[in-house]
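Here is what TrEMBL says about this protein:
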- D130: active site, proton acceptor (ACT_SITE)
- D11, V12, G13, N14, S15, A16, I17, K18, S153: ATP binding site (BINDING)
- G128, I129, D130, R131, T214: substrate binding site (BINDING)
- D150: K(+) binding site (BINDING)
Amino acid sequence: MTPRETIAAIDVGNSAIKVALAKVSELITAAGDLSAGDAPVRYQSFPLDQPRWDQQICRWVRQHAGQATVSWWVSTVNHAASRPLKDAVLGVADSAAESAPDRQQAWHNLTFEDVPLRIKVDAPEKVGIDRLLSAYAASTRFAAPLVVVDAGSAVTVDCVRPDSDARPVFVGGAILPGIRLQHAALATGTEGLQQATQRIDPAEVAAMMPATNTQQAIRLGVLAAVVGGVERLAQEYACPDDDAVESLPIVLCGGDAATLSPYLRALHQQVPHLVCLGILDLAIQQCQIAPSGLK
Ligand SMILES: Nc1ncnc2c1ncn2[C@@H]1O[C@H](COP(=O)(O)OP(=O)(O)O)[C@@H](O)[C@H]1O
Ligand SMILES: CC(C)(COP(=O)(O)O)[C@@H](O)C(=O)NCCC(=O)O
Ligand SMILES: [K+]
């Protein structure tokens, strides 16, 4: 990778593909804080239930990258989606004719070995790379111990602790079904429950403790399951033996972060695009180590 290139940081989840695009030269100059509003990064989310999302992504990247060489750095936990995207990017798929590349493209699937974070779990290669990258991005912005919550298709509640040298270590976490999956599970697993609208209105929640109809009861129950689970885990990770202990601070991201935030009583901060930020952090680090470009 060289400073003249553009980097496309790609987070392939189970509901959407999130894309962050930045010129490497501008990233190096702005390395201070990529979460800042004025950072030279464009973000776009492409839901996987939209038609031709692979073409849409190629077109969007081409529109904003111009003729620059694009390095695609990819975090994927959904290979059924990342494989056709790779084919479209590299011009392999027939259907990609419209977006076939007229400039150089490089595709790099990230693994746990690319993440400069100590990992202390049974099998690091089996942990979702999105969990490791968001933990890495959080640990470069906030002091460990901390909890990283990615509220997407699944909600992951991960813990980063300092080691004896105060360096951050990913020590594992918990996985629970996300809001949309919980709604779908209730609707498909019962006769009496239909899919409730997912939208949660804070005024409505305040008025329904307890809920007085089925739809509201589903919305309240699912919200409480996720918020309650996150808060309990953040407290248990701080100190499993003491109820009185404060929760660890939470860094919150994912498609449902804004929905959950108003109900979380634990100290938390929303940082959108955390997985993409982790990828861009890696890119900056690599350029700083090898400014002439090695990869
Ligand atoms: N248009 C949408 N399409 C899909 N999910 C959405 C949409 N709007 C909100 N959501 C919520 O966002 C969650 C998915 O978040 P996201 O971070 O994109 O997930 P993933 O990382 O699994 O792809 C869903 O569980 C759903 O509750
Ligand atoms: C837990 C996940 C499904 C979350 O995916 P997402 O909700 O972001 O689509 C993903 O990180 C994954 O497939 N993990 C592999 C198992 C593990 O992390 O232990
Ligand atoms: K997730």
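Glycine is no exception: its Cβ is also placed from the backbone N, Cα and C atoms.
Any TrEMBL annotation is an automated prediction that lacks curation.
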Query raised in the report: How many Å separate the Cα atoms of I17 (ATP binding site) and I129 (substrate binding site)?
Result: 14
**Report entry** Nonlocal neighbours by CB distance (under 8 Å) for D150 (K(+) binding site), same chain, sequence gap 6 or more
**Finding:** D130, R131, S134, T156, D158, C253, G254, L274, V275
Query raised in the report: Ranking the binding-site residues G13, G128 by other Cβ atoms within 10 Å, which is at the bottom?
Result: G128
Query raised in the report: If one measures from the C-alpha of D11 (ATP binding site) to the C-alpha of I129 (substrate binding site), what distance in angstrom results, rounded to a whole number?
Result: 9
Query raised in the report: Do any of the binding-site residues G13, S15, G128, S153, T214 touch ligand 1, in the sense that the CB is under 6 Å from one of its atoms?
Result: G13, S15, S153
Report task. Check the Cα distances from S153 (ATP binding site) to each of the binding-site residues G128, I129, T214 and keep only the ones within 10 Å. Result -> none
Report task. Using Cβ-Cβ distances, find the residues under 8 Å from T214 (substrate binding site) that belong to the same chain and are at least 6 apart in sequence, listing them in sequence order. Result -> G192, L193, Q194, A196
Report task. Express in Å, rounded to the nearest integer, the largest CA to CA distance found among the substrate-binding residues G128, I129, D130, R131, T214 named in the record. Result -> 37
Report summary line: As a whole number of Å, the Cα atom of G13 (ATP binding site) is distant from the Cα atom of I129 (substrate binding site) by 10
Report summary line: Listed in sequence order, the residues of the same chain lying six or more positions from S15 (ATP binding site) whose CB sits under 8 Å from its CB are P47, L48, D49, G152, S153, R180, G255
Query raised in the report: Those recorded positions, I17, D130, R131, T214: which ones have a Cβ sitting under 6 Å from ligand 2?
Result: D130, R131
Query - Same chain, 6+ residues apart, C-beta under 8 Å of the C-beta of I129 (substrate binding site), given in sequence order - result: S75, T76, V77, L110, T111, F112, V115
